Each structure stands twice: as structure tokens, then as C-alpha cells.
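Here's the structure we're looking at; comments come further down.
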Amino acid sequence: MSKVLLHGTLHVTVYEVDKLREGGGPNVFGKLMANIQETVGFGEGTPKIYATIDLEKSRVGRTRMIENEPQNPRWYESFHIYCAHHASNIIFTVKDDNPIGATLLGRAYMPVRELLDGDEVDKWIEIMDEDNNPTPAGSKIHVKLQYFDVTQDRNWDRGIKTGKYPGVPYTFFAQRQGCRVSLYQDAHVPDNFIPKISLAGGKYYEPHRCWEDIFDAISDAKHFIYITGWSVYTQIPLIRDPNRQKPGGDVLLGQLLKKKADEGVRVAMLVWDDRTSVNVFKEDGLMATHDEETENFFKDTDVHCILCPRDPDDGGSIIQDLKVSTMFTHHQKIVVVDHELPRGGSQKRRVMSFVGGIDLCDGRYDSAFHPLFSTLDSAHHDDFHQPNYAGASIAKGGPREPWHDIHSRVEGPIAWDVLFNFEQRWRKQGGKNVLVDLKQLDDILIPPSPVTFPNDQETWNVQLFRSIDGGAAFGFPDTPEEASKSGLVSGKDNIIDRSIQDAYINAIRRAKHFIYIENQYFLGSSFAWKSDDIDVDEVGALHLIPKELSLKIVTKIQEGEKFIVYIVVPMWPEGIPENGSVQAILDWQRRTMEMMYKDIVDALQDKGLDDDPREYLTFFCLGNREAKKSGEYEPTEAPEPDSGYLHAQENRRFMIYVHSKMMIVDDEYIIVGSANINQRSMDGARDSEIAMGAYQPYHLATQTPARGHVHGFRMALWYEHLGMLDDSFERPENKDCVNKANEMADKCWDLYASEDLDRDLPGHLLRYPVGVTRKGDITELPGTECFPDTSARILGAKSDYLPPILTT
């Protein structure tokens, strides 16, 4: 049966199986289980029956496990499923769970074509065995399905029409009104970074300074400071700009937190416990997160610092639990404090929260100039970060690895949602309860309420999203019914919040003109990859974001409208670029790009167009090249002869590491958080993540382009990356804009990769160094198999030994 595109939303209810065996005799499953139990020695177990929902081989839903009903399991569970898949069947698989996996009981097939008219289908479907024959008992499963094509969504391709837009549906946290948002590019913005960007109402964009604001927020706290991080390093100062010093600004972060705790402020920290940081690996661990060092620093102090492993929820098998606890991380990066009111003069306090991609650790402090060598005797002398070359050190000199990132501050009712997220996590994994009893602060702490008036032109509507499950958050509902009401996804005895992926999907589907993405990773939708040299079913990077992007572009091409997606990623994932894990991720990235370009090329050909596909989807990376200055820091040692480190030092160049996790849609809506565009971050049951989605209701792209703070922030980012502003950048959906950006990035790549350059690179935005054929194939650029100063293939290489779950 031919496959058809299901692009929209599936509503599915799985009711029950009528009978799994005939009469009272043993079924095939019973014999299988007896054999397994005897072989592995787990003893006789209780049948735990569950059902899965697949679009062909892509898992899109899973029920809870039903115990002690081996004959007639009844789930009565409903699912809200976003889909962007080509499929001929929706497959319902019935399984019995066991300690090392699951035993197949049978499959039922629902032809997709029966759903395309949008009518509700309620039926019993015959269950087939492994050989596609009816089961001996003639078992059937009762399901109800209804498909809503994406074009039936009232928000499809319409942007945010009014300030009454209610936010992303089916989520744990509702959208909050009357908020304030501050957006940060990099950890710091120096005074001489002043792009003149016009906003609505005759105003101009003003940058904010992330680590200065976090320093002020921590310093001002009187009652609580709550921090979560992938890494928190005590030995860093937050204030480093000699032109913007603050009283007490030279204090290190660890000492600042100790000082606040000594003042009576409740300081509680959840830092990811890198389980590789044991002696066999060295104390820093494979990830060098300083987790043990941070814990030891706060031992026997009033700071409550908990090393927090990524524990599995209780629903997985032994094998699944092992994967979660050893492969995945806590990746949320938040700070929550009580803070004075904006104009002071009151004993009242409010909640203020920070959410984004920047950990409070070494290697993160940087500015829009992203120096390689010039700050090695100042801001980066004691914070030299270069993990891409073995043995790199300040003694051996630059280039350091510059760090580009994005963060946000939220105020108003949304800040309380970030606080609640911390409380949920602490109550699950924080040990003894040291959380401040907020009821005791009723007279001091202003409850969740708007911080702007309804007619304030600068107000924001903001919604909090997460990737997290019941293994990391306390108080998730126990039943699928309650989980569904709370906007959560129920799995195999696991309750999951997967709303970050939902937020991206909804924003892409709403988009009208353009999308701008910066992300540390870009891979996924593996169900749509070419399968000529891999088994795509084993990859499991099933999140929809890349496919949603390409389908949006395809739809616009079909309608004769222009739509452009700009994506900025790092040259390679941080680490030694020749290593197997880095090469594997680059391979997944190439396959993702190729899948998207194939979609675009097919759509162009169907319309008889011979356009360059890079006019619709274009990938960039960031890099810098710095001429030697007199009086520059001189290293006392030299890198290894003929090493990539030495070549990069001699050529005065290196990538700027893109660690951002951000998407801007039509200059009216922005997502900022900790989540990468990969399966680890978007799954919900892998890495824990947090993000916020926000817009200004008085600055929407309705009749005229949006010219609020989201627009100003994008323009400031482009000024940072390109070193200039151009009138065409005001309208990224126009061909003039994408051609200008591509032309400048191509030129900067040529300068970056050239043998000699005796001046600073004029801009940081570089073409991602791959070619795109008119057939959509991703190829090497002529003479550019490897990244400069490395022997690492740009197109990557599939790994024969690393499991995909680790690198996707």
C-alpha cells in the first residue's frame, strides 16, 4: 500500500483488547515468558500489558502497563499526536513488559487512507501475529481515531493574529500575561557594541547584560536563591569588564553564594551529577562539569548543593533505566531569586527568574566580539577554555574557544512558573526539604500577578515549556487521564512533559514569512532520512522539528509564496573534531540537512522552478580570525608540532562555538531555553530541559512587520554576526535579504579558510562549509573535505560502535 503524508494532528484513543488467548489454555506469550524467565533468572513475573502507536516504524504513543489483566487489558487512554510522516498504516502493537525488554503479542493495522477525510473512526481491529496471521484467539483491539490536517488548524500560516492568542495547547504551564522579558546575547555586552536599531514608536533597541544582571539579582536576594545547571563552577567572577565594574564585583561566584547564605538567604542548587566523574575517569568527568569540585566547595556551608543524577522514572526496563542514568543529563539552566520592586522604596519583594542556554561556569563569559587571542592577558587569562585540542592550555596560548549563547530574564507570573519547576525538581531529587515556605512570605512576596498594565505597549505574554519526566519532577499525576488534563504525555508507566517540542512545532506551523534559528545541534526527523546505508529505524531521532521546517517551506513553494529558514550551528559539536562521537553527530546533521533539501528540491521541480535551494533554507556557522596585535599575550609553551592546535594558532583562527537554543518566528515570537534540536533535548524522557516562548501583543506581524523587542534582538544578533546592518535585513523573507546574507557568509568563509589573512575577519557569519546540489544532495565544497586546521571530515562519518541513543 502506498504511503501518504500525514501532516497535522492525530487524536487517538486506545480502549482495550477483547481477549489475548483462547479459552483457559496457555498462549504463545506465556510460553515465551516462561522461557525468558528461566534463561535470565528473574523468576516468574506478573504480566504487564501495554500498547504502542506507530506511524509505520516511528513510535508516536504508548499506553501505561496494565497488570493482572492478561486476558482483557483495558487502557482507555487518549493521545494528542503531532505528525509529519509518510505512512500507509497506523500500527497498534500489544506487548508484555519484562525486565530486559518486552515480548510481542501482536499488531493491528489501521490504513491511513481511512482517516484522510477527517471523520472519526471508531472500530475493532484484528490483531495479527509476527507472521501477519490472525492470532489463535482471534484477538482484536478497540481504538478510536481522528485526523486533522495541518491546514485545518486555525493558526496554520497565520502567525499570532491578536494579543488574545492563548499559547501552545495541551501543555503543563498556561501562557501568562502581563510579563516582562529581557533578552541576552552572550554573557556580556560591552559599551562599544551599539547597533542603532529602530523599534516601533520611535524607540531604539537597548542591549541587556546577562551576567551583570544575574550578579545584581543574586546580590539583591533577601530570602531565596535557587539555581539549576548542567554545570556550576564556583571559581568564576561574573563581573569582568573593566569599564563596567560594580561594588563587590570581583568576588567569585562560589564566595558570593556563600556570602548570601551566611546572610540568611536560602541558597539551594541542583547541579547535574556527571556519573563519569569518578576516579576511573578522573574527577572532572568526561564532560568536565566540575560537579564533584562544586559539591566539595559548599560542603559544611549554609549553601545546599545537591549533585543530581538523571534518574530514570520507574516505568523502564533494566536496560532502559541504565541508558537514562548513564547517558542523559540534567540540562536546565535557571536562576530564581526574590528581588526588590523596580522602583524600590518598599519592603515588598517579587520573584525574578532567568532561563536560557548559559551555565554559570567556566568558558561561558564572552561578548559579541568573540576574541581568540586579545583577551588572554585579561578577561580570559584565568578562564581559558579550549576543549577541542588535547592538552590545550593558557600556557600554550590561543586560540581560545569563543562562546556564543542566548539567555533571558522573565518577570511577572511567568517567573513563578520557573520557581515551581525548581520546587518540583527539588522535592524529587533534592533530599531534605530546605525550600522556603512561601506562605511565610505572604506579607512580603507579591503573588503571581501582572507586572505591566494591559495597555502597556511593552508588555509580554510568556509560556514556560519543559522536557522532563516523573523521574525528575515531583507531583506529576499518577493516571493517564490526569496527565492528559495537565498537558502531559503518558508512557509505559512514565509521565512525560514534552512541551518544548510542542512549542517548536506550533511556532513553525504558525509561521508566515521566515524563521531564524540558532542552536548547538541540528538533527532529527530520522524517520524521513535516506536509508541506503543505514537502518533509519534504529536511529530513533524521531522529533519533528526538521521535517516541520521543510514541510513549511514546501507548502509555501506550492502556494507560490516565499518563506525562508536561516539556521546557525557550530562548525562541529564541542570536542576533538576527529573523535567518533563528533563525527557521528556531524553525520546525523548531514542526513538531516539532506532530507530537508530533498523536500525543497522536489517541491521546486514540481513547480518548474530552478532556484538555488539555499534561497529557501540556508545553514551558517560562526568563526573568527584575528590579526596579531602588539603587546599581545605571549605563551610560555608551544603546542605539539604539526598539531591542529599549532596550525590554528599560526593561522589565527577558530570557530565561535554556537551554544544558543533559540528560534525567532516572523520577528514576533521567540523561544529561548536550554533545549537543543536533537532527540536528547526534545524527547522528554532523556535530557531535562526548560525554555520559554514569548511575544509582545502590541508588536505582531499582522498588517505590517513586527518592530518590537524580538525584531530588535534579531537585528542585534545579525549585527554581531555580520559586523554591519543592511536595509534588506529588515525583511528576512525577501530574496534580497537571503542573497545578501549568503553572499556575505560565502565571502567570510573564503577569508576564514584562506591560507593567509593579515587582518581581522570582517564578520563572523560563515557559510556552513557544504555544497547543495540541484538534486538536494549534500556534498563537500571543492577542496574542503575537512575543517581548517583539522583532519576532521565536515560531512562526518557514521559510527560502528557508538549507539545512536548517545549521539542523537
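Each residue, glycine too, has its Cβ placed from N, Cα and C.
Listed in Swiss-Prot for this protein:
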BINDING   Asp186, His370, His404, Glu720  Ca(2+) binding site
DOMAIN    326-364  domain 'PLD phosphodiesterase 1'
ACT_SITE  His331  active site
BINDING   His331, Gln520, His659  1,2-diacyl-sn-glycero-3-phosphate binding site
ACT_SITE  Lys333  active site
ACT_SITE  Asp338  active site
DOMAIN    654-681  domain 'PLD phosphodiesterase 2'
ACT_SITE  His659  active site
ACT_SITE  Lys661  active site
ACT_SITE  Asp666  active site
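Structure with Swiss-Prot features highlighted.
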residue	record	DSSP (3 states)
Asp186	Ca(2+) binding site	coil
His331	active site	coil
Asp338	active site	strand
His404	Ca(2+) binding site	strand
Gln520	1,2-diacyl-sn-glycero-3-phosphate binding site	coil
His659	1,2-diacyl-sn-glycero-3-phosphate binding site	coil
Asp666	active site	coil
Glu720	Ca(2+) binding site	helix
Spatial neighbours of Lys661 (active site) that are distant in sequence (at least 6 apart) but have CB under 8 A: Gly356, Gly357, Ile406, Glu518, Asn519, Gln520, Val672, Gly673, Ser674, Ala675, Asn676, Ile677, Ser681, Ala691
Listed in sequence order, residues not in Asp186, His370, His404, Glu720 with Cβ within 8 Å of the centre of the Ca(2+) site Cβ atoms: Gln185, Asp366, Ser367, Ala368, Phe369, Pro402, Trp403, Asp405, Leu622, Ile656, His721, His764
Whole-number Å value of the largest CA-CA distance among His331, Gln520, His659, listed as 1,2-diacyl-sn-glycero-3-phosphate-binding: 13
Residue from Lys333, Asp338, Asp666 whose C-alpha is spatially nearest that of His404 (Ca(2+) binding site), among the active-site residues: Lys333
Closest of Asp186, Asp338, His370, His659, Glu720 to Asp666 (active site), Cα positions, recorded positions only: Glu720
Cα-to-Cα gap, Lys333 (active site) vs His659 (1,2-diacyl-sn-glycero-3-phosphate binding site), nearest whole Å: 13
Secondary structure composition of the domain 'PLD phosphodiesterase 1' (326-364) [DSSP: H/G/I, E/B, coil]: 2 helix, 16 strand, 21 coil
Between Asp338 (active site) and Asp186 (Ca(2+) binding site): CA-CA distance (Å): 24
Glu720 (Ca(2+) binding site) to His659 (1,2-diacyl-sn-glycero-3-phosphate binding site) - Cα separation in whole Å: 15
Residue from His331, Asp338, His659 whose C-alpha is spatially nearest that of His370 (Ca(2+) binding site), among the recorded positions: His659
Length of the line joining the Cα atoms of His331 (active site) and His659 (1,2-diacyl-sn-glycero-3-phosphate binding site), in Å: 13
Inter-residue Cα distance where the pair is His659 (1,2-diacyl-sn-glycero-3-phosphate binding site) and Asp338 (active site), in Å: 28
Secondary structure at His370 (Ca(2+) binding site), reduced by DSSP to three states: coil
